[in-house]
């Protein structure tokens, strides 16, 4: 302040009144410009591409619009996905296996396309624009499905219409899944402790919002489809995604948008290509260079090769790009920051691979568990619960657990560990993986109990397979495994999203966050492969395959669940190997 006062006095003393006025105004404008620069978010703009300002853009208010939109978006998606097998088999003339394969392909494609949405948001557009375009595409697909369902035709043209609608929806869902979570997460200031805490809260409540949409989808919308007609169900989904757009736009004035920074895939391939080229060139050169004369010389060369610290082979391999930068062709020259970013991406990939088995468990329980419940007593008092409504149990449990975790468990963890996060992202993911092991063990025990009831009923009725009426065992036994799996999903999905977003370079955060959905897609695909492989192996030498028979009572489902439990345990050991060696790039302590 004293400096500015001295400058103004100097102007008044040595210049004319008119020139004094102009120079003082110029000085004031320079000060205003400096203030604006200091208050602007670096690398962020508002929806009109103007600099985003602190105190005006971002924060929990901006993220709250995203949470409401997620309720509507997931309602629109799951309302169809949860009951689509029944629609294809009863209305469109698909065989049970054909319907299941069609739904698996649709779900897997939708989740995989999240990678495309994340890539476009990082490279060329903002998450704001990707959401709006994706919502329009999903709305168009749902309109096609609504018209197709109203026609009730099984002609080939109707099936073409059906699949056009489904995959338009898949494309739209992929774009939304790839842009909406990072759009909400980027509203928080990661430079402050309060901003990081709010971002953690956001990811937990994102799962809560996702569960709210799922609850409405598997209850209200499924009831409409079963009792009023499928066009009503598709119509509700269409209305939900349409309403989500003005809700999303309502937050435009307070959003801050990350400026796209070019293709992260290009950077990834450029660095890897440069590393391979540098390694090849070094090997060619080493054939000419005289070898070390003494052991000390050799030790010195090894030290130079491992100058990247604790990264071992990865650090040595990618470090060549920096060390040999001047000798590389100009198109392959990379900055140290680019090499560092690629190193981070490679290090998070094993964590991503370790989560696929959990999602495979989710896929199995969403199919076989419903069939288990359909053979059991599904009455609660005078009310009969449809087996397709079983997903209500994990959804409701996740809705209860998410705020409990935020407001009770997390503060206790912070107090006991004296750290900002309380429980690290990798610990959250690991907790989810452990719960998935418990869920599969519980599923195996429940199926064993159910089979004992089947045997008892068969002996009492002198029949070989008791399946004509509900078994005298309540379906609530199956709900136990759903509770464990719902808990696993909450810990792992929220942990994955926050881990990938926080640890990924700022230039590829949307793409990295989309790995959470890609893991889900690979879990669905792997589940189909696993069932086929189990049936093939167990059916050798004229044995009965574990998962084939006239009905579920002839399956060896409990053996399959135990196999899943063992595989999940092995996968957890694989996860521990990588997680224990991972060094966070961000503040986790």
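Any Cβ shown, glycine's included, is placed from N, Cα and C.
Database features (Swiss-Prot):
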{"type": "TRANSMEM", "residues": "59-79", "note": "transmembrane segment"}
{"type": "TRANSMEM", "residues": "105-125", "note": "transmembrane segment"}
{"type": "TRANSMEM", "residues": "127-147", "note": "transmembrane segment"}
{"type": "TRANSMEM", "residues": "160-180", "note": "transmembrane segment"}
{"type": "TRANSMEM", "residues": "201-221", "note": "transmembrane segment"}
{"type": "TRANSMEM", "residues": "230-250", "note": "transmembrane segment"}
{"type": "TRANSMEM", "residues": "344-364", "note": "transmembrane segment"}
{"type": "TRANSMEM", "residues": "383-403", "note": "transmembrane segment"}
{"type": "TRANSMEM", "residues": "429-449", "note": "transmembrane segment"}
{"type": "TRANSMEM", "residues": "471-491", "note": "transmembrane segment"}
{"type": "TRANSMEM", "residues": "520-540", "note": "transmembrane segment"}
{"type": "TRANSMEM", "residues": "560-580", "note": "transmembrane segment"}
Margin query: For the transmembrane segment (429-449), I need the partner stretch with the highest count of C-beta pairs below 8 angstroms, choosing only from 59-79, 105-125, 344-364, 471-491, 560-580.
Written below: 471-491
Item checked: Within-chain partners of the transmembrane segment (160-180) [C-beta distance under 8 Å, separation at least 6 from its ends] -> 66, 69-70, 73, 77, 80, 92, 106, 109-121, 127, 130-131, 133-145, 147-148, 241, 510-511, 513-514, 517
Next item on the list: Output the single range from 59-79, 127-147, 201-221, 344-364, 471-491 maximising the number of Cβ pairs under 8 Å to the transmembrane segment (230-250).
Entry: 59-79
Item checked: Winner by Cβ pairs under 8 Å against the transmembrane segment (201-221), considering only 59-79, 105-125, 520-540 -> 59-79
Checklist line | For the transmembrane segment (520-540), distant same-chain residues with Cβ under 8 A (at least six beyond the ends) | finding: 101, 104, 107-112, 114, 356-364, 546-548, 556, 560, 563
Margin query: Do any residues, 6 or more residues outside the transmembrane segment (471-491), come within under 8 Å Cβ-to-Cβ of it, and if so which ones?
Written below: 207, 358, 361-362, 365, 369, 372-373, 375-378, 385, 387, 390-391, 393-395, 397-398, 401-402, 405, 428-429, 431-436, 438-440, 442-443, 446, 449-450, 453-454, 457
